[in-house]
Structures are given as structure tokens and as C-alpha cells.
Amino acid sequence: MEFLKDHIPPVRRSLLSVPADNRRALEKAPKLDCDGVIYDLEDSVAPEKKSEARDNLAQAFSQQPQSQQQRIVRINPLESEFGADDLKLVAKIKPDAVALPKVEHASEIAEVVDMLAQFAPVRPIALWAMIETPKGVLNASSIAAESKGLKCLVVGLNDLRKETGVLPQAGRAYLVPWLMQIVLAGRAYGVDVIDSVFNDFKDNAGFASECAQGRAMGFSGKMLIHPAQIEMANQHFGPDPQSLEEAEAIVSAFEQPEARSLNVINLNGKMIERLHLVQAKTLLAQAAMILERKRSR
Ligand SMILES: CC(C)(COP(=O)(O)OP(=O)(O)OC[C@H]1O[C@@H](n2cnc3c(N)ncnc32)[C@H](O)[C@@H]1OP(=O)(O)O)[C@@H](O)C(=O)NCCC(=O)NCCSC(=O)C[C@H](O)C(=O)O
Ligand SMILES: [Mg+2]
């Protein structure tokens, strides 16, 4: 896997949102098997608790300076009375990324990048954008194309439903065109795409079917609200045994001397090209990363 070493896309199957004012949840989060934690200062924290929530995060990060999980802090909008203080905290605790809610234009990302460069000039912090308003969806491609430092688009369907009047329905039929627009925008510009939260955390069948749909649509993972959703998200968005077996077979087939100078081969009645070899190697590398993380826990 030598050639992939610096290019393995980060694994983002499961991203658990944790309200930063909830000390119990903050304590639990680092021990959970999710790929990332989104520490929320925005909608899950009441205005009078924002300051306490920031203090909690400062304490949590100082107690655990490194983490196997990707750590993302979702701040309040910059134009709100809380945005600037949130960003100062981000500059101090240095998470892996800062998530900006309700992004509608690339200029909002640029503004955060500039402010962070002032507060924390040494190490740039990656940006994630929540796409959860009608303008956000319409502008998803310019947001992805023009935002330096942007690594992820995360869909927020609660806000999008609120803003558009689309009803929550199994199968998300009326939302699928917008979801695909966001997937396409991200993929066109090398920005990862994460599917929205599923609110009914006791409905396992509904959640499983939405994970399967999100995976089939091309999302890399799902934002989660409850620890009970982690395992299923990991299963649906992670490499399954059959895909791993197929990936091994593809790698091995291209290693045969007779395949070395071929760009296309017949593998058990299926056309396989070198682009499938790249996909196979990426999958195997991600699976190895997941295993390694499990072992070192
Ligand atoms: C939804 C919840 C309020 C439910 O909480 P609770 O009633 O405490 O659930 P349980 O009793 O089932 O909890 C069992 C234990 O698990 C811990 N727990 C629960 N949730 C979390 C969590 N998110 N992270 C870590 N740990 C968690 C409880 O503390 C219990 O532990 P124990 O005491 O040991 O038994 C709650 O799950 C919750 O607040 N979830 C997150 C809400 C949130 O972050 N909202 C913002 C993100 S959603 C979003 O972004 C929408 C988007 O913007 C959009 O527009 O769509
Ligand atoms: Mg929202």
C-alpha cells in the first residue's frame, strides 16, 4: 500500500454530534467507536449556556490533547453574538476542523479562514461547511469550488426541511435531488460529503435504510446524534467483507505477470480496469486504518 500512504482519504463513516454543554456526553464521546466527534456549540446549546459550553470544550481538550477520533467543533454563525468567541476558542484548542453552520456563500468560509489566521497563524485548521438552507444547496458547487481549506460538506436536513417545507418522509424522495446536487458538488472539487442526522434514534430499521441510501448516493458517512447509531453507520459506510474480498482479488489479479502490461482484464466474467485497482487499494488501505485504530484503542 506504499503508493497510497499520503493519499488515503480519511475514514468518515460516523460523526457523532455532542452538545458541548452536556458534560456527561463529553466524557463519554472519546471512548466511543465513531470516526469523528462534532462538538456542537450551535443549535443544541441554549444561548445562556454558550459560555459554559466553551469552557467545557477547553477543559475536555486540555485533558486529552491528542485523539484517535477526528475532532470537529461546530461554531455559531459568525454574524451571531457568539461566533467570534467560538472562533477564539477554536484557535486555542486546535481541533482537526471547524464546522460552519448554514453556509450559503464561499465568502463565509474565506472570512473564517482569515479570522483563524489572525487568531492562530501557525497551524491552519480545516473547514467544514453545513449545507442546510435553500441557498446553501443552490450554491453548493461554488462553495466547494472556491473555498480554500474546505474539507467536508455536511448536510443538515432539519434546517433544510424547516426552510423549504419538505416533510420528513421515509425514502426522502423530494430531498434526493438536492442531496445528489450536494454530493456532486463535493466530489467535483475533492471535498468530502457527509449525510444528515436521522432524528429518531430508536428506529433502527429506519436508520439502517437511510444509511444504505446515503451510502448508495455516494456519501462517505453520516452525522449522528446518539451513540446507538455508531455501529450501524460504521457497518453501512465501512468496507464490508464481500467488498474486501473483491478488492483483494483485483489487487492479486493485476499482480499476475500476464496482467502487468494490461489496463483491462477479465476477472470471473467481469471487466476490471486499473481505475478499479485504485479503488480496491484505497478500500484495503482504509480497512487497514480502521483495524489499526481498533487495535490501538
Ligand atoms: C437526543 C438526545 C437528547 C437523547 O439524549 P438522552 O435522553 O440522554 O438519551 P439516552 O438516555 O438514550 O442516552 C444514553 C446514554 O448515551 C449518552 N448520550 C446520548 N447522546 C449522546 C451523544 N450525542 N454523545 C455522547 N453521549 C451521548 C447519554 O449521556 C447516556 O449516557 P449514560 O448516562 O452513560 O447512560 C441526545 O442523544 C443528544 O443530545 N444528542 C445530540 C444532539 C445534538 O448534538 N444536536 C445537534 C446536532 S443535530 C444537527 O446538527 C441538525 C442539523 O443542524 C440540521 O439542521 O439537520
Ligand atoms: Mg442545522
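The backbone N, Cα and C atoms fix where each Cβ goes, and this holds for glycine too.
Model, not experiment: these values are computed from the prediction.
Look at TrEMBL and you will find Arg74, Glu132 tagged as substrate binding site. Non-local neighbourhood of Arg74 (substrate binding site): Ser17, Ile38, Tyr39, Asp40, Leu41, Glu42, Val98, Ala99, Leu100, Pro101, Met130, each in the same chain, at least six residues away, with C-beta under 8 Å from its C-beta. According to its DSSP assignment, Arg74 (substrate binding site) is in a strand.
Using a 10 Å Cβ-Cβ cutoff, Glu132 (substrate binding site) registers 23 neighbours. Per TrEMBL, Mg(2+) binding site is recorded for Glu132, Asp159.
Taken from TrEMBL, the feature domain 'HpcH/HpaI aldolase/citrate lyase' covers 13-227.
For Asp159 (Mg(2+) binding site), other Cβ atoms within 10 Å of its Cβ number 19. Taking CA atoms as the reference points, Glu132 (substrate binding site) and Asp159 (Mg(2+) binding site) are 5 Å apart.
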